[in-house]
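Enquirer: This is the structure I want to talk about, given as structure tokens.
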Number of protein chains: 2
Amino acid sequence: MPDSKTVVKSGSEKSISPAVIKRLPRYYRYLGDLLKNNVVRISSKELSQRMNVTASQIRQDLNNFGGFGQQGYGYNVEYLYNEMGKILGLDKTNNIIIVGAGNLGQALANNQDFDSNGFKIIGLFDVNPRLIGMTVRGVEVYDIDMLETFLKEHEVMIAALTLPKSKATKVAEQLVDLGIKALWNFAPVDLHFPEEILVENVHLAESIMTLSYRIHSHNQ
Amino acid sequence: MPDSKTVVKSGSEKSISPAVIKRLPRYYRYLGDLLKNNVVRISSKELSQRMNVTASQIRQDLNNFGGFGQQGYGYNVEYLYNEMGKILGLDKTNNIIIVGAGNLGQALANNQDFDSNGFKIIGLFDVNPRLIGMTVRGVEVYDIDMLETFLKEHEVMIAALTLPKSKATKVAEQLVDLGIKALWNFAPVDLHFPEEILVENVHLAESIMTLSYRIHSHNQ
């Protein structure tokens, strides 16, 4: 297993801040919408107005990856969309498994946004005999005991964890032992792994509590 | 409708940064876990080790709300948990409606974490006749045409939007027209409202793209 500290990265990507990285998918979404509306090119000023960020931020963000704009022309929408997709790794097929085939797991499996972005859900896993054997948009729900065999036979980039808090940590450890390097965690628990294991959390309870805070501090 | 700029806020809450606010639910979660394990008090050092943040950050974050710690004693877990709950508005009942009763809407309605934190889902809404009339954990799915009547009869704090991108903006505008002040938006679209309308986004596609970026920039 490579130590992430010694992984050779390209010079341009080494120092990119998490804040910039978090903004990239939003650029990609806006560019996709422009492309759908047959917009061929766009100035950083116009893009900034649509996205409600400053034109200078857009230029700075994109300069992390080499720029892409031309003075007096702006950005070529299709080119920038494709380049942004490559930066995000969306030009590759990212196979995903979903561990936990309840409503949330099924909601992810049913989400067609993922397909069009190179994410391919290839299996769901659960302990519940009533769920095992059913299919969600053509993807089968397997017995969680099949994980090891499945992972030997398939190259899986990402495991989504849509299971109860009480089970998430143990299953995550099992997945990492079986070679999974990236976890998309929906359980309300923090997973602790060496830094070469990538964890992206979607903490729904924390999101709504933040909203509740804003509501009630607003009303005071 | 009050203008948010003129809303009187308590002095202590006026200047709290979004970064601090985002960390509050995580404190609340850790304190809840400690409480369940019958921990009576905890030092900021020990809490910081568990949470993997610095003790000084914990003290600084909590000082925004008046501190709560005692020199040489640490924090009383139950007291801090309850105070944190009040700060987050969880001591009040926050009625929620979910607009979009597909898998994701149903997953939210089925999530028991929300109940225990003062969030009460009181209705789901959809356009799909096959969903209208069914119940999810005892909560009925209503015809979306019933929204106006329902909102006249119930005090709703938050509307969750779990519907397709193509419909989200229009429905959000309708909800705001009907008096909703806080939107929990799961649709992959940015909603634009005056700042007194609070919007908290959960952009799942952006979350997984961020993970994909990290995977592929790691592997280079």
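Cβ coordinates are placed from backbone N, Cα and C, and glycine is handled just like the others.
A TrEMBL annotation is a machine prediction, not a hand-curated record.
Remember, it's a predicted structure, so these values are computed and weren't measured experimentally.
TrEMBL feature annotations, pasted as is:
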DNA_BIND  B:26-65  DNA-binding region
DOMAIN    B:89-190  domain 'CoA-binding'
BINDING   B:Gly100, B:Ala101, B:Gly102, B:Asn103, B:Leu104, B:Gly105  NAD(+) binding site
Enquirer: Of all the binding-site residues given, B:Gly100, B:Gly102, B:Gly105, which has the fewest Cβ neighbours within 10 Å once its own Cβ is left out?
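Expert: Taking B:Gly100, B:Gly102, B:Gly105 as the binding-site residues, the minimal 10 Å Cβ count falls on B:Gly102.
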Enquirer: Within the chain of B:Ala101 (NAD(+) binding site), which residues six or more apart in sequence place their C-beta under 8 angstroms from its C-beta?
Expert: B:Ala109, B:Leu124, B:Phe125, B:Asp126, B:Asn128, B:Leu131, B:Met134, B:Val136, B:Val141, B:Thr162
Enquirer: Using a 10 Å cut-off, grab the number of neighbouring Cβ atoms around the Cβ of B:Leu104 (NAD(+) binding site), all chains included.
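Expert: Step by step: centre on the Cβ of B:Leu104 (NAD(+) binding site), count other Cβ atoms within 10 Å, giving 25.
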Enquirer: So what's the mean pLDDT when you look at the domain 'CoA-binding' (B:89-190)?
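Expert: Mean per-residue confidence for the domain 'CoA-binding' (B:89-190): 95 out of 100.
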Enquirer: Give the helix, strand or coil assignment DSSP yields for B:Gly100 (NAD(+) binding site).
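Expert: DSSP assigns B:Gly100 (NAD(+) binding site) to coil.
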Enquirer: I'd like the number of other C-beta atoms within 10 A of the C-beta of B:Asn103 (NAD(+) binding site), please.
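Expert: Looking across every protein chain shown, the total is 20.
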Enquirer: Can you tell me whether DSSP puts B:Gly105 (NAD(+) binding site) in helix, strand or coil?
Expert: helix
